[in-house]
Amino acid sequence: MVDTPYRKMLAAKIHRATVTGADVNYEGSLTVPPELLVAAKIHPYESLHVWNVTRGTRLETYAIEGLPNSNDVCANGAAAHLIRPGDHVILAAYAMVPEADAATHKPRLIFVDDNNQLSHVGPEIAGPNLRSDSDDTHLVRSTEMTPDGQPLAEGC
């Protein structure tokens, strides 16, 4: 039997969700609207990396499904010490991808507005004022805005 090498790759990302609540007394996790979990193809109880854009903190927890149409993104348990209401966060889930598939692997990337409504599904912004072109092999200049309407930063 031959061991298949795997790479840990980004599987899904919810970009710039707005935190609506934090409850240090809850047992743990991050509450996410079910509509966003489905759009991102993230399962309840799946491991989540949470990157707090506002505070610069990072943590790992798991997703739990919030109430339908609630738009609530809530930090629960110990995470509530690092994430506060009003913070913008990026939620990321990873998967082990066979080495043979790594070069063509495409994660599911969703972008939300300040009300945690799905804005669009699309390509990763490659860097300030850059984006991947249609075949993802070249970088081209972009005048795009961030999902919340802010201009992309100049330079790196």
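Glycine too: its Cβ is placed from the backbone N, Cα and C atoms.
Matching T57, T61 to the substrate binding residues that Swiss-Prot gives (G77, A78, A79) identifies T61.
DSSP assigns S29 (active site, schiff-base intermediate with substrate) to coil in the three-state reduction, outside any helix or strand. Taking the centre of the Cβ atoms of T61, G77, A78, A79 as the substrate site, the nearby residues of that chain (Cβ within 8 Å, site residues left out) are G28, S29, L30, L59, A75, N76, A80, H81, L82. Residue environment of S29 (active site, schiff-base intermediate with substrate) contains 19 other Cβ atoms, counted within 10 Å of its Cβ in all protein chains.
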